[in-house]
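Take a look at the structure below.
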Amino acid sequence: MAATYRLVVSTVNHYSSVVIDRRFEQAIHYCTGTCHTFTHGIDCIVVHHSVCADLLHIPVSQFKDADLNSMFLPHENGLSSAEGDYPQQAFTGIPRVKRGSTFQNTYNLKDIAGEAISFASGKIKEFSFEKLKNSNHAAYRKGRKVKSDSFNRRSVDLDLLCGHYNNDGNAPSFGLLRSSSVEEKPLSHRNSLDTNLTSMFLQNFSEEDLVTQILEKHKIDNFSSGTDIKMCLDILLKCSEDLKKCTDIIKQCIKKKSGSSISEGSGNDTISSSETVYMNVMTRLASYLKKLPFEFMQSGNNEALDLTELISNMPSLQLTPFSPVFGTEQPPKYEDVVQLSASDSGRFQTIELQNDKPNSRKMDTVQSIPNNSTNSLYNLEVNDPRTLKAVQVQSQSLTMNPLENVSSDDLMETLYIEEESDGKKALDKGQKTENGPSHELLKVNEHRAEFPEHATHLKKCPTPMQNEIGKIFEKSFVNLPKEDCKSKVSKFEEGDQRDFTNSSSQEEIDKLLMDLESFSQKMETSLREPLAKGKNSNFLNSHSQLTGQTLVDLEPKSKVSSPIEKVSPSCLTRIIETNGHKIEEEDRALLLRILESIEDFAQELVECKSSRGSLSQEKEMMQILQETLTTSSQANLSVCRSPVGDKAKDTTSAVLIQQTPEVIKIQNKPEKKPGTPLPPPATSPSSPRPLSPVPHVNNVVNAPLSINIPRFYFPEGLPDTCSNHEQTLSRIETAFMDIEEQKADIYEMGKIAKVCGCPLYWKAPMFRAAGGEKTGFVTAQSFIAMWRKLLNNHHDDASKFICLLAKPNCSSLEQEDFIPLLQDVVDTHPGLTFLKDAPEFHSRYITTVIQRIFYTVNRSWSGKITSTEIRKSNFLQTLALLEEEEDINQITDYFSYEHFYVIYCKFWELDTDHDLYISQADLSRYNDQASSSRIIERIFSGAVTRGKTIQKEGRMSYADFVWFLISEEDKRNPTSIEYWFRCMDVDGDGVLSMYELEYFYEEQCERMEAMGIEPLPFHDLLCQMLDLVKPAVDGKITLRDLKRCRMAHIFYDTFFNLEKYLDHEQRDPFAVQKDVENDGPEPSDWDRFAAEEYETLVAEESAQAQFQEGFEDYETDEPASPSEFGNKSNKILSASLPEKCGKLQSVDEE
């Protein structure tokens, strides 16, 4: 490095930028583009452009006489918080939030980037903002940045164009961190910076400056403009796809929430229900998040923005009213939702850093908040619901200010679960917005249990204070609607149960379960009462919920009143009062699962009330369950009321609830260490799971089934109740009227098939099923009678097709059943008209198509195709496609004549004596003896026969050769994988053992040594194959393993095809991986092979025809015209195969 330096202070983020200490004249400066810092005496080692403009003008006074390493803490998420001895943050006391929380300009990200990319690539002549101003996008959108390793420094172009920069050392930012001094300022009039900051930001640059910067960038770094454009387009495509998917999902959710809120709420409420407020907050969230503008480099305007002045001016902004509840059905913006989660995680990360030292310091910022902070708290909730947790806790600390023992820092820390990993507190980032409050309450109680001295002190607080607090909770609780009150009581009970002391006996656990059952019954009773019309605000609900939770836990004997019920202290609160023990984490998790089941049960009751849940259809079952719960609760009520005076024991009890709701097992487990982490709560299923009333095995209640299980298996297809069979039959009768004498031959049956709604080439099966094969025609009466019976008994295409084509009283298709259908295709399809002059080819083409059908469709290898196999295949769709496609070679599945031509030519080359059978020696000559002799022996041993067919010893028919050729050339096909697995499974146990693999690899080694190639030792090869296949059971490779690994073709070629094995060894491994990952509609290996071989065969035939034509011209000395030459060559090409064929046998003769 050329420049000398004395000190470098850096925070690493996505762009590897740094913060420079300007006390020194020279410093090593790392940046990501063309840098403008050369004039300041700072050397830059990377080409950079305008990223560090603001860094050169950071006030130096902030860094004097301070430990810069503690001021700038590098962090993975771009978070750095100044703690300990430095109460002020690095940038004028403002904390830095998660990267990406930057202020965007008013133009759309994709529009600006698209216009700029087009301008830079020369597609447009000028770049203007007028076009962007007239776009249909929203005026204020947050761009979404995609993080990619390959997009490290090239993405500066997008940031340059869109004003989207990192906060991590490049530009100052601020946010709503709970530990910062920002909250010391009045927050009562917070609002968005939509208009003011936007206009302020747009004054800092103009169109000419932006175009100039674009030109400078591409002049300096023009060699990579193509790469930049490609990466930009990739990112824009990804953003648009994600935006569309996320928008559709949000739109559906919002529409559902909006409908339920409007139907259940009151139209005269000035403040809607919590769901409505939630939706409004989601739509308006972007407007209320504070963002800082980033200034483009301007001459004379390089000073940083005074953040303190900006914050002081914020209270003057007025709060804009909420928009209607999605009257236009517009969901929240995708960027808003993403930004919300980003800022949330950043806020959590800072608290995580602060909580590393829970006992070393106390937060005093809460005490400086004014007492009249109710409005500010409400505004804060409206602006950002994620910050509600922190502010609510602070508000409660104000209410309990005389209680000096509980500090605000302790309350902040109660929001997290203690983990053992790394000795630090980890965050549960999987919390959902809807379930957030309930989980938060659980965590508050957990932490309060860890500090029992605070709770003890609070119990000793003055009685007037307790009464006042109880009134606050009672007042807010009374105003709740019934539905919301149910959820609040659920969370109160849930938090109360979490304080259950695990040192209690089995009897105490029974009492707890009884309380839960009683609570479920009370919730169900409350649902029968009319819903209250009075709705409270979202802040009141959440605030009263959290306040009541905290205060009721701290004062167990206080009573809570509500219009629904009086919640009296239960047995578990007495247990807490008596024992005062710390709750064991494992039993807490078990109880949490029980409580979540109760919540699911309550949710199902709500849906039952609104006729939306599954219980609304099973009211008889619900009645039985409720009677069981009521009886059990009354029977054990006296047990719950009995006082608890036992001391804590050394062992704790764990409750295990089985699927049978009558049995509960109690297991005693040794007490774990206090540091044992709490396991994550189990995810509750959507269906309700009623808990057991009492752990008595003899009280078994067998609930009878209230409804019959509906039929779900239809072997002949699902009946269509909407179809009108008589109307169809009348149309068929009318169609027969147009036919002479109302007698249709096989050619007229095409019209009848279309009237029946069937593909054209169903006409031959219909003709045969109606008895036309015997008489040569079909009458209207016979066909209508047959079709009426078919419609009544068969309801889908697969079952109808098998009924038409199969033998009488047969439910499956055999090979000979396809002959009439395929013969009709050969006779009538326009792509096979040339076969009329070569009838000897008909049987061979039909045989090939039949074998290809069974190869693909008959996955059971039974030799009989069932309706299930027809449904799973694409045969009926391909058959219907014959009607539309005139070129039959375009239908590569089953019917391609080119594929038949390739198969038969390959067979003809191996069949030296032309007896239509090939021997083992003949097959070994295929592809220059590429296949090993041992695998060929296995083929001729009968390992791959289908159904009841018997392998003729030492002979392979043409039908068997079709299976061999397709399997050899396409080892990725599922049938091919099973074909070769059967061959390699010598002992037939369904597993390829190491001995079988070694048996086949030995011959490969011998052949490689004969060629002068040193083979890989079997042990090393075996390790490679096991890594390739990754079998489920070590040392045993099954058919399922090979079908799952998607590399079966390499596995098989390694053991019995030397030529392809060597090709795989010499091929680029990255190309192999690319083939594996490519799931697009690529042609199969068989399609590629058939196309290449057909081109080769046609070229050979053409060369032979030209040679023969030249020889005839030499003898006659008469030149032939081009037309005569073309006609002769076509005749030779079409006649070449019949000359090879000789006398062909029919399918029946085989």
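The backbone N, Cα and C atoms fix where each Cβ goes, glycine too.
Among the features that Swiss-Prot reports, region 'Disordered' is placed at 661-693, 1105-1132. The feature compositional bias 'Pro residues' is assigned by Swiss-Prot to 676-693. The annotation domain 'EF-hand 1' is assigned in Swiss-Prot to 758-793. What Swiss-Prot lists as domain 'EF-hand 2' is 972-1007, and the listing cites sequence analysis. Annotation source Swiss-Prot lists Ca(2+) binding site at D985, D987, D989, E996, citing sequence analysis.
With DSSP states grouped into helix (H, G, I), strand (E, B) and coil, the domain 'EF-hand 2' (972-1007) comes out at 25 helix, 1 strand, 10 coil. Counting only same-chain residues at least 6 apart in sequence, none has a Cβ under 8 Å from the Cβ of D989 (Ca(2+) binding site).
Highlighted in sequence order, M984, V986, G988, G990, V991, L992, S993 have their Cβ within 8 Å of the centre of the Cβ atoms of D985, D987, D989, E996, the residues recorded for Ca(2+), and are not part of that set. Look at the domain 'EF-hand 1' (758-793): DSSP puts its residues at 28 helix, 2 strand, 6 coil. D985 (Ca(2+) binding site): 19 other CB atoms within 10 A of its CB, across all protein chains.
Within the model, the domain 'EF-hand 2' (972-1007) carries an average pLDDT of 95. Listed binding-site residues: D987, E996. The one with the lowest count of other Cβ atoms within 10 Å of its Cβ is D987.
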